[in-house]
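Structure first, commentary second.
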């Protein structure tokens, strides 16, 4: 059975056909609409899936935000242009006439990355560092989503009580500091207004402020990982996302994690499926996992 998998992120929308063998075909991308209206997202999703839906038997969505009862509830609305609520499952069922499931994108990615690991590993945490910071937890070989879908939203744990206000309403969240949006928001002077990609480029060219911003992000993530180890005693942490997979970033995180007491050390791995982990995880869950 072929699954039409969709990944909804703060920067881009992706879709692909994924067979029972896990092979990705006909991958497509569109930018996430900047508009705050549900109609803009519906129109973008329609354009994304219309060339693919005739070749699929079901739809599986991995989306940023809390997924509850098939709807997207934005914990940080800034990541989706201010969109607070969107009926994901209902919308895709109307667009495709196919049975549809939905799950948080980082939770989906955690499940895909877990499947790629050795069989003796039962406990992992996946962290995506991209437009925002998200996570997914696999404990005892089971994906933990929580009764309200909030499990794994580790980007909204406290990093600095005197830090910037996060879009979720809290102050000093990991996401407000370590994410691509957080890196860009802290830029000043010549870098003011630059996005995270530009800041990484400037860091590679030796720009001191750009390097400091990236170190700040990596240090914040390392402290989060130490907290995660203390909370879950996971066997490894897998890091993905456009920032998490940027050249040299994971090595920086490892350097800062090594400065923590040894009890809080844990193996760090780059995401095996790179930017396709959410798509694959959603498809895998559609094949047999009850959500």
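Placement of Cβ uses the backbone N, Cα and C atoms for every residue, glycine included.
If you look up Swiss-Prot, you'll see 5-12, 132-139 marked as ATP binding site, on the strength of sequence analysis. When secondary structure is read from DSSP and collapsed to three states, residue 132 (ATP binding site) falls in the coil class.
The annotation Zn(2+) binding site is assigned in Swiss-Prot to 156, 166, 168, 173 on the grounds of sequence analysis. The Cβ of residue 166 (Zn(2+) binding site) has 26 other Cβ atoms within 10 Å, all protein chains considered.
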Residue with minimal Cβ packing [other Cβ atoms within 10 Å] among the binding-site residues 132, 136: 136
Shell list (Zn(2+); ref centroid = CB of 156, 166, 168, 173; cutoff 8 A): 75, 76, 155, 167, 169, 170, 174, 175, 176
Winner by Cβ contact number (other Cβ atoms within 10 Å) across the binding-site residues 9, 134: 134
